[in-house]
Amino acid sequence: MTITIEKPRFGLHAAEMKIPTDPKELVLDGGFSVPDTNAFGQTFRDYGAESERKKTVEEFYRTNHLHQSYEFVKRKREEYGKLDRVEMSIWECVELLNEFVDDSDPDLDEPQIEHLLQTAEAIRRDYPGEDWLHLTGLIHDLGKVLLHPSFGQLPQWAVVGDTFPVGCAFDKSNVHHKFFEGNEDFKNPKYSTKFGVYSEGCGLENVLMSWGHDDYMYLVAKENATTLPSAALFIIRYHSFYPLHRFGAYASLMNEEDKENLKWLHVFNKYDLYSKSKVRVDVEKVKPYYMSLIEKYFPAKLRW
Ligand SMILES: [Fe+2]
Ligand SMILES: [Fe+2]
């Protein structure tokens, strides 16, 4: 599929990208969302494979689909939306994430900073003029600090994995859809129709998404008044929303701005998935460039 990318909110050049659309090529979030990723290959998800990993992933989604209800998401958004935990810069957060993820996951052969910088640097190579997209690559996963003790040490099912709207029917394209049957919203008439508490074309910004690192980082960026364009915020909030960006589900909730921004998410997703390599990024060499972007788009320390 070839899509034409139009300008995000501020003036940028149009470009064309080929986007891979094989639905088997699914990733569980950079290879650190559930344990045991290493033994069975970090990159691609295969829900049909008979493996230990399959059980782990199933268990992950069983718990995730059971607990991610409308009320749960509302509570978490209110709690974390206060941003009263800590003050730190973007780069300090990169370092924090890097440190503790290494500690908690000794099998992960690449530190998180590598995934962030490899994503950002791969985008930078192909889209040199879109500095906002480089920074988006660097920060898109920073919400994973929710796993850290000082951020409440949330369980994996409340931090990573695919995301989906709550407050309306769970679409069949959600992985392991059957596990939603245990969710308190599943049979609630208010939340189980196609649009539920929403309306057609209402805009994704008005839709509650299952709670995790995506929505948290979106809140952090937005509430700290970043000057990043809306396409960047869209990428951050929906990068794990595979039912939409891979399968086109829930598309009728989008407004016109969402539809424009989705094109950039398709571009971004390719780099999030495929930029992983054994070629290490020289952190000290590229750091000044990213510091300048942080300065440009997040001039003050952030509240988290
Ligand atoms: Fe992510
Ligand atoms: Fe990622």
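Placed from the backbone N, Cα and C atoms, the Cβ positions cover glycine too.
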Site-mate of HIS115, HIS140, ASP141, HIS213, ASP272 for Fe cation in TrEMBL, selected among HIS176, HIS177, HIS239, HIS245: HIS239
Rounded Cα-Cα span from ASP272 (Fe cation binding site) to LYS144 (substrate binding site), Å: 15
Rounded to the nearest Å - Cα separation of SER240 (substrate binding site) and HIS213 (Fe cation binding site): 9
Cα separation, ASP162 (substrate binding site) to HIS213 (Fe cation binding site) (Å, whole number): 11
Distance-selected binding-site residues near ligand 1 (C-beta under 6 Å), from HIS115, LYS144, ASP162: none
Listed binding-site residues with Cβ under 6 Å from ligand 2, out of ASP141, SER240, ASP272: ASP141, ASP272
